[in-house]
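Working notes, beginning with the structure itself.
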Amino acid sequence: MEGGIHGGTDVSAFRECFSLTWKNPYVLRLAFSAGIGGLLFGYDTGVISGALLYIRDNFKTVDRETWLQEMIVSMAVAGAIVGAAIGGWANDKFGRRSAILMADFLFLVGAIVMAAAPNPSLLVIGRVFVGLGVGMASMTAPLYISEASPAKIRGALVSTNGFLITGGQFLSYLINLAFTNVTGTWRWMLGIAGIPALLQFLLMFTLPESPRWLYRKGREEEAKAILRRIYSAEDVEQEICALKDSVESEIREEGSTEKINMIKLCKTKTVRRGLIAGVGLQVFQQFVGINTVMYYSPTIVQLAGFASNRTAILLSLVTAGLNAFGSIISIYFIDRTGRKKLLIISLFGVIISLGLLTGVFHEATTHAPAISSLETQRFKNITCPDYDSAIETKAWDCMTCLKASSPFCGFCSSPSGKEHPGACWIANDSVKDLCHNENRLWYTRGCPSNFGWFALLGLGLYIISFSPGMGTVPWIVNSEIYPLRFRGICGGIAATANWISNLIVAQSFLSLTEAIGTSWTFLIFGVISVIALVFVVVCVPETKGMPMEEIEKMLEGRSMEFKFWKKRSQFVEKQNQSA
């Protein structure tokens with residue numbers, strides 16, 4: 001496995017990363033240009049949360065059918081599964097740069113198709129194209145950055161990709177808010193993603209291929225020329241020697257650097273142990289529930305008792321901002337604190353916040369405003385049919401009303417206040433306008449609640465806990481834990497596992513909230529987070545500041561450190577002593 005520069009990682013890593021601005025801007029140019037793929041990843045996964053509110057208004061079939069809403073959201077994830085799998089192969093076959101260019105093309109086509117979609121079917125097709133691009137970019141961008149980064153600041157530079165992912169999600173919420181009162185609303189929201197895709201496509205033409213990929217393909221002089229621009233004069237020869245030894249070792253073992261033996265991949269101890277850690281992290285990243293928050297954040301805000309689409313998007317902007325801020329925290333701490341410790345701290349915060357959300361939504365559900373018979377039957381022709389046919393209506397509250405399905409019904413709050421008994425009426429535009437004309441609030445996703453602000457607090461705590469650790473570390477670990485020969489294919493396997501898990505969560509969240517309630521859904525995520533914490537302690541190695549060939553040696557000897565609180569790994573201490 002190819003090397004990195006030997007030496008410890010200390011508190012200066014963060015400062016050294018940003019000193020590249022004037023010392024070696026070429027490295028930052030590589031990182032941020034590739035990181036635009038992360039921006040697109042974040043934007044296209046985040047924008048749908050707000051756009052969906054207006055797609056439902058535009059297409060009534062989407063508004064009536066929960067499965068169709070989940071389909072629009074999750075087909076991008078389905079595309080990402082295929083994109084990640086193809087991306088792993090394309091990275092090894094054609095190179096990291098070429099895979100990023102392919103992803104940009106798919107992003108651009110998808111954005112155009114979605115913006116022009118005349119019906120939900122074509123909208124879904126556009127989401128599939130975008131998903132293919134997201135899948136390829138999600139594993140290629142951090143891989144490209146990792147292979148073009150000095151070991152000491154590799155974590156911080158790969159974290160810039162995580163920052164751009166969360167920055168893209170934040171940007172998507174700003175765009176959603178900006179276009180709420182513009183003709184075409186969701187078409188602008190989805191179509192504008194074509195601009196950064198085109199920008200990155202042009203930028204990547206001016207950048208080189210990954211030096212490590214070039215070296216493995218026999219293009220040694222090209223690789224050396226790029227490495228000399230990345231590393232200092234005193235470090236570059238050591239890096240080239242380590243890379244040469246790695247490739248020669250592969251050739252001795254396999255006879256060629258071109259063929260990848262899948263059977264041997266599964267039998268190789270270091271690869272297998274790396275895959276357990278890498279794939280496990282990617283699966284748990286999704287199963288602790290992050291993309292329910294990012295895809296359905298405005299919907300969750302409405303479930304917490306905020307009725308307005310614009311208000312829901314505005315409040316969701318806060319969670320997206322916290323997500324981006326958490327990524328900045330990761331850039332600062334990832335090479336200072338270490339990958340494993342960040343994961344553990346992150347999961348502790350996630351568990352606490354999910355417990356809070358479970359309690360808040362349970363209280364909101366059990367204290368929903370009652371249904372007033374007088375208010376409901378004031379207009380006979382719009383009374384909810386299920387309410388009219390019910391034998392006992394005294395037990396009816398807002399939640400009972402919203403669960404009616406023949407047809408769907410909504411809750412019009414009382415003129416005395418939103419927590420007072422209100423009316424249960426048929427849910428359609430004319431009834432919604434009637435409710436608003438009486439200066440009352442109209443609810444179809446969630447009920448009025450005094451606990452709504454506590455739900456926002458829980459969401460904020462969840463995001464700020466998740467983002468610096470579970471949000472960024474799985475991608476960093478997967479960009480550095482595998483041998484060079486298998487890095488593309490293993491990264492593709494891990495990214496595919498991530499997107500399959502993402503699809504399961506995205507496709508089931510709304511159905512789960514309808515079947516068992518929002519509080520029980522968050523409780524399930526909380527239990528999974530506890531299991532994830534145990535997995536991290538047992539199975540995930542610390543790779544902070546370690547040259548890449550030493551990570552392989554560590555996995556070979558199974559020398560994982562359970563004492564994650566130790567300030568430095570034994571390897572780093574030994575290197576400092578020998579320096």
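Glycine residues also receive a Cβ, built from the backbone N, Cα and C atoms like all the rest.
Bear in mind that TrEMBL entries carry predicted annotations, made automatically and left uncurated.
Quantities reported herein were computed from a predicted structural model and do not represent experimental measurements.
Per TrEMBL, the feature domain 'Major facilitator superfamily (MFS) profile' maps to 30-544. Marked as transmembrane segment by TrEMBL: 30-55, 67-87, 99-118, 124-145, 157-179, 185-207, 274-297, 312-335, 342-361, 451-477, 489-510, 522-540.
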Please figure out which one of 185-207, 342-361, 451-477, 489-510 racks up the most CB pairs under 8 Å against the transmembrane segment (522-540).
-> 342-361
For the transmembrane segment (67-87), find every same-chain residue at least 6 residues outside the stretch whose CB is under 8 Å from a CB in it, and list them.
-> 44-45, 48, 52, 55-56, 61, 99, 103, 106, 120, 123-124, 127-140, 295-296, 492, 495-496, 498-500, 502-503, 506-511
Count the Cβ pairs between the transmembrane segment (30-55) and the transmembrane segment (489-510) that lie under 8 angstroms and are 6 or more residues apart in sequence, then report whether there are at least 3.
-> no
Is it the case that the transmembrane segment (489-510) and the transmembrane segment (124-145) have 3 or more CB pairs under 8 Å, with pairs at least 6 apart in sequence?
-> yes
Chain residues outside the transmembrane segment (157-179) and at least six past its termini with a C-beta under 8 angstroms from it | 17, 27, 31-32, 34-47, 49-51, 141-142, 145-146, 149, 185-186, 188-189, 192, 294, 310, 313-314, 316-317, 320-321, 323-324, 326-328, 330-331, 334, 467, 471-472, 475-476, 479-480
Between the transmembrane segment (451-477) and the stretches 99-118, 124-145, 185-207, work out which stretch tops the count of Cβ pairs under 8 Å.
-> 124-145
Look at every Cβ pair spanning the transmembrane segment (342-361) and the transmembrane segment (185-207), keep those 6 or more apart in sequence, and say whether at least 3 of them are under 8 Å.
-> no
Should the transmembrane segment (99-118) and the transmembrane segment (185-207) be scored as in contact, given a threshold of at least 3 Cβ pairs under 8 Å and pairs 6 or more apart?
-> yes
Which sequence positions outside the transmembrane segment (124-145), separated from its termini by at least 6 residues, show Cβ-Cβ distances below 8 Å to it?
-> 30-31, 34-35, 37-38, 40-41, 44-45, 48, 71-72, 75-88, 90-91, 96-97, 99-100, 102-107, 109-115, 117, 157-158, 160-161, 190, 193, 197, 210, 475-476, 478-479, 487-488, 491-492, 494-496, 498-499
Could you give the mean pLDDT over the domain 'Major facilitator superfamily (MFS) profile' (30-544), rounded to a whole number?
-> 82
